[in-house]
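Structure, as C-alpha cells:
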Amino acid sequence: MPAHSHLLLEALFRILELVHEALLSGNLITKRFDIVWCLISQMIMHNTLEDQADFVAHRNIYYQNIELFKSQSMVDNMVDNLALTLGVGRGDLNIVATAKGLIAGSVDLKMRNGSITRCGLSRDNGMLLPSINSVEAIDLHSAKWLLVIEKEATFRTLAASRFHSTCKTGHGVLITAKGFPDLATRRFLHVLHSVRPQLEFFGLVDFDPHGISILRTYTKGSRRLEHEQGITVPRMRWLGIRSGDVLPYTPNVDSTTETFQDSQSSDSQASQTISSQESASYSFAGGQYFCLEQSCEFDNEGRPPKRARVHEPDSSDSSGSIILLTSSDRRRAVNLMKELRNTLETTDGSDADQMYELQRMMMLNIKAEIQAVDAFGDVTGWLDERLCTHFSA
Amino acid sequence: MSKQYLTVHTVDQAHPTEIFSLAPTPTAVFSASGSSALRIHSTTEPTFPVQQILEAAHKLGCHHVCTARGGLGVVAVSVGFGGEIKIWRKGGEDDTAAKEWALSYEIPPTKSSGGDVWAVALSADESYLACTTSDGRSHVWDLVARERIQTYETGGNGGNGGSFAMAVDLSRDGKLTATGHESGAVYVFNNDAGRMVYSLSGLVKPVRAVAFSPGCKRLAAAGNAGIIAIYDMQHGEHVSNLSASSNRPAWITSIDWNDTGEYLLSGSLDGKVKVWDVARGVCVATHSETEGALWSVRWLPKSERALAPGMGKGEMFCAAGAAKSLTFYREATGI
C-alpha cells in the first residue's frame with residue numbers, strides 16, 4: 001500500500017492542478033477524446049451558469065499522463081470523488097461530458113444557438129446526443145415510446161431499418177448509450193422523462209448481470225454517482241431480454257439441428273426410440289390422468305444402422321447466442337442479488353422481477369445477447385410483438 | 001407395458017417464487033425456492049400440508065436442498081445463492097417426541113474456498129456431504145466433525161479451475177462420488193482411495209443431473225443434451241441412452257432412480273416429467289401439467305402405509321419448478 005499511495009497522491013495532485021488551471025482559464029478538459037469536460041471556476045465562485053460553453057482548449061488528462069493514471073477508470077473515480085467531496089454534482093460544477101449516446105426517431109431538438117436538429121432525418125446511424133444544456137426545447141411529435149438499447153450494433157441496425165417509424169405500435173425514439181450509460185445520456189433521458197410523462201420508456205438489454213445492472217443504472221442511478229441529481233428514469237420498463245426469450249425449447253429457435261440421434265451403442269435397447277408419444281400422450285382428457293401407450297413403434301428402420309450420434313456443439317443452441325456465464329458473471333450476479341434483496345421490500349415489482357431472472361440465470365448458468373431472440377439476429381419482429389403487448393395491456 | 005400415474009394432489013403457490021429443488025425424507029418433502037424460506041410438506045397426509053417453514057434460511061434464495069437417499073431422514077442440507085451451506089437436523093439426538101427441524105450449523109461461503117458452492121449430495125448414513133463448486137472442484141465434508149476431508153480437482157493443469165460442476169451424487173454404499181460438469185464431462189471418484197476412477201464421455205452438452213442407482217451399479221447423467229446416459233460402474237462403460245424422439249429435446253434438469261432401480265424419473269425445462277423403464281430403455285409415462293420449467297423431480301421413499309383409505313400404496317413422486325407448486329403423483333396400481 002505505501003509504495004502505491006504516493007502514486008495515488010501524485011495522480012490526485014495532477015488532476016487538481018489541471019482542474020485548477022482549467023478553472024482559472026475557463027478551459028475544457030477531456031478525460032479522453034470522446035468525453036469533454038468543462039470545468040469553470042466561476043460557476044462555483046459566482047454561481048453564474050451562463051453560456052460560457054464557448055471556451056476551448058482541449059486537454060487530455062488521461063492521454064497526457066498514461067503512465068501516472070494507469071487507467072481511464074482511475075481518472076473517472078478521482079474526478080467523481082472530487083465532486084462528491086465538494087458535495088455537488090458534475091452538472092453543478094458545470095462539468096459536462098459530451099454524450100456518447102446516439103439518438104434516432106421522431107424528435108426535434110431546438111438548440112440554444114437557434115438551430116434545429118431533426119433526429120428522424122439522419123439516414124441510418126442515428127446522431128450523437130447533444131449535451132442537454134445546449135438544448136432549448138424538445139419536440140417529441142407523436143412519439144409513443146422510447147427504447148433505450150444497450151448495444152450500439154443493435155441500435156444501428158434498428159435505426160437503419162427505421163424501426164422508430166415503421167414500428168407497428170406507432171412512432172418512437174431509439175437511444176443507445178453504447179453499453180454502460182454515461183451521465184449525459186442519463187440526464188438527457190431524465191429530461192425527456194419529465195417533459196413527456198405519457199411517453200413509455202423501455203429498456204432493451206442483454207440477458208446477463210451486466211445488462212440488468214445497466215437497466216438499474218437507468219432506473220435507480222449508480223452507487224458511484226449517488227450525489228448526482230436528475231439522472232434517473234424510474235418509469236423505464238424492462239422490455240427484455242429475459243430467460244424466456246432465449247431458452248432453447250421455445251419456438252423461436254431455429255430447427256437446423258435435426259440430426260439428433262440416439263446412441264449408436266451396441267446395446268440394442270438403447271437404439272430404440274419412441275416416436276410420436278408426445279401427441280399420443282394427450283389422448284386422455286382432463287390432463288389429470290393419462291397413460292402413455294406403449295404402442296409407439298420403434299423406428300429402427302429407415303435409419304442408417306451405424307450412424308454416429310451427432311451432438312451439435314453447445315454453441316449451436318439458439319443460433320449460437322447462448323453463452324455460458326463466467327465466474328465473474330456469477331459473482332456479479334450474486335452482488336446484484338444482494339443489492340436487490342436489500343431494496344426488495346421497499347420497492348415495486350420490478351426488483352422482484354430482476355431477482356427472479358437473476359436466479360434463473362444462475363440456475364441455467366447461461367447468458368444471451370439481445371440478438372439471441374431471433375435466429376438471424378433480427379430483433380424487429382420480436383420488438384414489435386413486445387411493444388404491442390405492452391400497449392394493448 | 002405402460003405405467004399409469006395419476007396426480008394425487010397439487011399444492012398451489014407452495015412458494016412465492018419458483019421452486020428450484022426438492023428433497024424427500026421418509027415422511028416429508030423439503031422444497032427450496034427463490035424466496036428465503038425452506039418449506040417442509042408432510043407426505044403422510046392426503047393434502048400434503050405444510051409441516052414446518054424454515055424462515056429466512058437463505059437471504060438470496062436457495063438453489064439446492066438435499067437429504068440422504070435411503071437414509072433416516074434427520075439431516076438436510078441446503079445451499080443459498082449467496083454460497084452459504086446450511087445443515088439442518090430434526091429433533092434432538094435421542095429425542096423422539098419433538099420432531100422439529102432446526103439449524104444445526106452453517107458453512108459460510110468463505111470457508112468453502114475456490115468457486116462458489118453449487119450442488120450438494122448427502123451420504124446414506126447422513127454423515128458426509130459432497131458439494132461441487134463453479135470452478136469444477138468437489139469437496140467432501142465430514143458433517144459430524146464439521147471439517148472438509150477431501151477435495152477432488154478436475155481443473156487439469158495450471159490450477160485455473162475446471163468446468164463448472166453442476167451436479168453431484170454419492171452412491172448409497174458411500175464408495176463413489178460422481179460429478180456432472182458444464183463441459184459435458186462426468187467424473188467418478190473413489191472415496192476410499194480419494195482419486196478419480198472414471199472420466200465418462202457421451203454427453204457433450206452441460207450435465208445438469210447425475211444419480212447413482214440404489215444398487216450402486218449404474219450411474220445416470222443428463223442435461224442439455226435432453227437424453228439420459230447410463231453408465232456401468234464396474235467398468236466405467238457407457239451402457240445405453242434413454243431418449244425421446246423429438247428433434248430438439250428439452251434440457252433435463254433433474255433425474256432420480258426409484259427404490260428398486262427399475263425406473264428413472266426425469267424433469268425438463270419444457271415442463272414434462274417422464275418415467276423411464278431403464279432395462280428396456282423406453283419412456284413409459286409422460287406428464288406435463290404446466291408450461292413452466294421443471295427444476296426438480298423426486299421419488300418419495302416407499303411407504304408401507306396407504307396415503308388414504310382406498311388409495312393403495314403405489315410409488316409416488318413429486319415435481320416442482322417455475323409453476324411454484326408442488327405436484328404429487330402416484331402409480332395407479334390395482335385399479
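Glycine residues also receive a Cβ, built from the backbone N, Cα and C atoms like all the rest.
Curation plays no part in TrEMBL annotations; they are all automatic predictions.
Note that the coordinates shown come from a computational prediction; the quantities given were computed from them, not determined experimentally.
What TrEMBL says about this one:
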REPEAT    B:110-151  repeat 'WD'
DOMAIN    B:175-248  domain 'Anaphase-promoting complex subunit 4-like WD40'
REPEAT    B:245-286  repeat 'WD'
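Residue counts for the repeat 'WD' (B:110-151) under DSSP, helix first, then strand, then coil, are 3 helix, 22 strand, 17 coil. In terms of DSSP helix, strand and coil, the repeat 'WD' (B:245-286) has 0 helix, 22 strand, 20 coil. This prediction places the mean pLDDT of the repeat 'WD' (B:110-151) at 86.
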